[in-house]
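Trainee: Straight from TrEMBL, here's the annotation block:
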type	residues	note
COILED	71-98	coiled coil
DOMAIN	1-42	domain 'B box-type'
DOMAIN	149-206	domain 'COS'
DOMAIN	209-305	domain 'Fibronectin type-III'
DOMAIN	290-517	domain 'B30.2/SPRY'
Amino acid sequence: QILMCPEHEMEKVNMYCEICRRPVCHLCKLGGGHANHRVTTMNTAYKTLKEKLSKDIEYLISKESQVKSHITQLDLLLKETECNSERAKEEASQKFEKLFQVLEERKSVALLAIDASKNLRLEKLQAQTEEYQGLLENNGLVGYAQEVLKETDPSCFVQTAKQLHVRIQKATESLKSFRPAAETTFEDFVVDIAKQEEILDVLSFHSKGIEIPEINEEQSRMYSKALISWECPGKTDSADFYVLGYRKLNREEESVTWQEVEVCSKSKVIADLDDDSSYAFRVRGYKGSICSPWSREVILRTPPAPVLSFLFDDKCGYNSEHLLLNSRRTSVESRAGISLLLGSERMQAGCYTTLDYIIGNTGIAKGKHFWAFRVEAYSYLVKVGVVSSNKIQKLFHNTHDTTSPRYEQDSGHDSGSEDAFFDSSQPFTLVTLGMKKFFIPTTPAAPKDPASRILPLPSCLGICLDSDKGRVGFYDAGCMRCLYECKVDCSGIMYPAFALMGSAAIHLEEAFTAKYREYNNDI
């Protein structure tokens with residue numbers, strides 16, 4: 001059957017939308033929901049998708065031996081699961097039987113104590129009952145007294161009646177202040193199991209005294225190495241040590257074996273990871289021979305190239321009147337001083353002082369390299385990128401002039417340059433940052449709408465320079481996602497370049513080391 005457009009029922013689909021990944025008709029492209037989408041011909045889409053599907057099928061067929069190996073492994077795992085489950089059930093039954101035994105013992109002790117108290121109380125009450133029964137007429141004390149009253153011999157009567165009168169008085173007082181010889185309630189023998197109930201309510205396989213650790217994604221980072229940090233939900237260190245597991249995520253890899261390392265703290269630096277690769281991390285706690293379940297897996301991606309280590313250059317073109325370096329030369333801040341106020345005398349209306357440039361002290365002659373940095377959120381205008389050694393002099397020479405943002409290439413603000421294309425003849429390849437925004441340069445391939453070229457500024461930005469291919473890319477260093485890439489002339493030695501104007505600051509990302517980890521643990 002002929003496939004018709006679901007949105008335009010009378011039209012046949014004759015194009016393929018690469019954005020939505022679905023067939024569309026020409027009306028969808030002209031004025032429909034796919035007007036601004038990138039489309040291709042149906043034949044091209046047919047060939048491309050068929051080629052991809054064929055390759056995927058060929059890949060699966062070529063991995064038949066691997067699939068059979070996995071099936072064999074799964075069969076073993078099925079049997080192992082059955083055995084382990086029976087063993088776990090037996091161990092659990094033994095634990096509960098032990099609990100039952102303890103409860104039965106405590107139950108026997110409690111019941112014996114109640115019976116002993118009951119017997120003692122019954123004896124007291126029985127004796128008291130017999131005593132009061134003697135006070136009845138013709139019984140016991142009263143019957144004896146009645147017989148004594150029949151005595152006519154005065155001497156015999158007096159001798160007997162004296163002791164009898166004392167007994168009668170005691171019996172009379174007992175009637176006036178009657179009190180049972182024993183309590184009938186057993187309030188002192190109520191078993192309190194509130195605490196035990198709380199303990200039994202949380203009785204589970206996961207506790208065993210060890211909490212499941214959680215990897216802190218905000219504190220865990222990937223740069224020259226991977227820094228993985230974790231914590232326990234209860235903020236208590238119930239484990240004696242931890243085991244951190246990690247593995248590379250790549251379907252082309254034959255083995256998916258987890259690598260594990262023992263850690264005595266709550267963070268670890270992992271080195272020797274492949275560039276431009278995703279890794280999964282997980283952690284579990286150990287207390288003696290008992291371990292907690294694995295934590296939730298966290299996936300981090302390594303930089304697209306080896307990390308370039310450098311510092312800000314405080315000699316080549318560095319303007320100490322406008323820029324302030326920290327002692328380690330890892331941070332630079334632009335500052336407005338007296339020289340800026342004096343220079344304002346030669347400024348015309350609508351003009352601003354030009355950018356102040358600073359470069360890295362390490363150049364790149366060949367290969368692919370990556371570096372990262374953070375731009376303070378309050379920064380008004382910052383430019384970052386690369387500059388060739390052939391154009392460094394021209395770069396710093398321009399900083400002594402004044403220029404209007406209207407004529408500065410891609411200032412990132414409301415200026416007349418927004419409609420101008422990226423000028424490849426300028427002495428650098430930079431992108432503009434500022435006001436918590438990342439501005440994609442205006443190029444023939446860039447979107448025409450200015451709003452679509454403005455992205456939120458990542459908390460950490462990265463630059464990847466491939467001097468062999470002559471390309472430079474700008475990345476969100478948190479997730480290693482490329483935001484913008486362009487060609488660059490790498491005929492000379494390339495240097496990391498930065499420019500600041502107004503209130504702004506840049507901090508180079510430092511490589512992770514063992515000392516770095518220990519320092520953060522102390523904090």
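Each residue's number is its place along the chain shown, starting with 1.
For all residues, glycine too, the Cβ spot is worked out from N, Cα and C.
Just so you know, TrEMBL annotations are computer predictions that nobody has curated.
Walk me through the surroundings of each of these features.
Mentor: The average per-residue pLDDT of the prediction over the coiled coil (71-98) is 89, rounded to a whole number.
Secondary structure by DSSP for the domain 'B box-type' (1-42): 7 helix, 11 strand, 24 coil.
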Trainee: May I have the DSSP-based helix, strand and coil counts for the residues of the domain 'COS' (149-206)?
Mentor: 34 helix, 0 strand, 24 coil
Trainee: For the domain 'B box-type' (1-42), what are the same-chain contacts with Cβ under 8 Å, counting residues 6+ beyond its ends?
Mentor: 48
